[in-house]
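Student: This is the structure, below, for whatever I ask next.
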Amino acid sequence: MAFKLLASFVSLLAALQVANGAATKKVTCASGQVTSNAACCALFPVIDDIQANMFDGGGCNEDVHESLRLTFHDAIGISRKADKEGVFGGGGADGSIAIFANIETNFHANNGVDEIIDTQAPIIARHNLTTADFIQFAGAIGASNCPGAPRLDVFLGRKDATQPAPDLTVPEPFDDVSKILARFDDAGKFSSDEVVALLASHTIAAADHVDPTIPGTPFDSTPELFDTQFFIETQLRGTLFPGNGSNQGEVMSPLHGELRLQSDAELARDARTACEWQSFVNNQAKLQSAFKAAFAKMTVLGQNTRELIDCSDVVPTPPAPASAAHFPAGLTHRDVEQACRQTPFPALRTDPGPATSVVPVPPS
């Protein structure tokens, strides 16, 4: 499965490079930066703008988390099944979630995305980019601020949406595993392994609206790092709710201040996904490569890749990983709910000190 995923990604990237002349000489932009295509020069001022005005000068902050969430909520709005039935199933990564914000932000699964859409809107207006390109670009640049993240691929030339995506294309945290896997298959023939890989984005995520009484509640204990803690901590026995515990799509978590989505808990324990989930536990290199490949596939859903320009070389190199896989203080191997029958859970050290309590992610 991993080989097929990699082969598919390599084929996509090769096609983009051939179609857009990626093998030509490097171009020096008016700003002095160097890139592989003159069209990509327009992206350097955009990077400066979003780093200064969204990401607090290059931090892995809440707007990074929200921008990465928006890439998914826009791109997943596509249905091959609906199109075959003669009904518009959505345009994928076409910017519809922002262009038709008055419609799509009212969908239950998109609760809260209006905030990052409003934050991005004035920056989009200052630059000559389609909304579709900007949404995916901002997510990739934001991720590059987070230690341990892969350097994500970016492409230029998406066409903007002319109509909104339909409701019910974005999975909900209370959906069961079968429904989630079916939705990803319908959207872009994502394998179960690719679905797990995309959820690596939750390692730098926090929830504002699952329990509105505790905004900014992270999904793992290191939301400022793109590391494997999310895959460790979702497999630990849940013992408490960080807030009032009466919210749809939430289940008990192992740490004070940490929120666990029902969908994450079930994917970590389902026979179809548990071993792939566990495989990321202490494998930072796999986490990076698998997320990079799955993101590259997601970010062009609904687009004609032969018309896109590969501008991946403008993305800054992310900081090196800044943590090693570990059990949070107060927890050990005995707290693991082992779900993968084929492979033992890796041996990990436990952080010293009193039981871990996770602080909220501050607003940007």
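Glycine too: its Cβ is placed from the backbone N, Cα and C atoms.
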Student: Have a look at TrEMBL and say which candidate in C29, C40, C146 forms the disulphide with C60.
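Tutor: Among C29, C40, C146, the record in TrEMBL lists C146 as the disulfide partner of C60.
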Student: If you check TrEMBL, which of C275, C311 bonds to C40 via a disulphide?
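Tutor: Recorded disulfide partner of C40 in TrEMBL: C311.
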Student: Mean pLDDT for the domain 'Plant heme peroxidase family profile' (68-344), rounded to an integer?
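Tutor: A mean pLDDT of 97 is what the predicted model shows over the domain 'Plant heme peroxidase family profile' (68-344).
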Student: Around C275 (disulfide bond), which residues of its chain at least 6 apart sit with Cβ under 8 Å of its Cβ?
Tutor: C340, R341, Q342, T343
Student: Quick check for you: of the disulfide-bonded residues C29, C40, C41, C60, C311, which have their Cα within 10 Å of the Cα of D227 (Ca(2+) 2 binding site)?
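Tutor: For D227 (Ca(2+) 2 binding site), the disulfide-bonded residues whose Cα atoms are within 10 Å come to none.
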Student: Have a look at the recorded positions C29, C41, C146, H202 and say which one has the shortest Cα distance to D220 (Ca(2+) 2 binding site).
Tutor: H202
Student: Between C311 (disulfide bond) and C29 (disulfide bond), how far is it from one CA atom to the other, in Å?
Tutor: 13
Student: Who sits close to C29 (disulfide bond): which same-chain residues at least 6 apart have their Cβ under 8 Å from its Cβ?
Tutor: T35, A38, C41, F44
Student: Mind giving me a neighbour count for D227 (Ca(2+) 2 binding site)? Other Cβ atoms within 10 Å of its Cβ, every protein chain shown.
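Tutor: I get 28 for this one.
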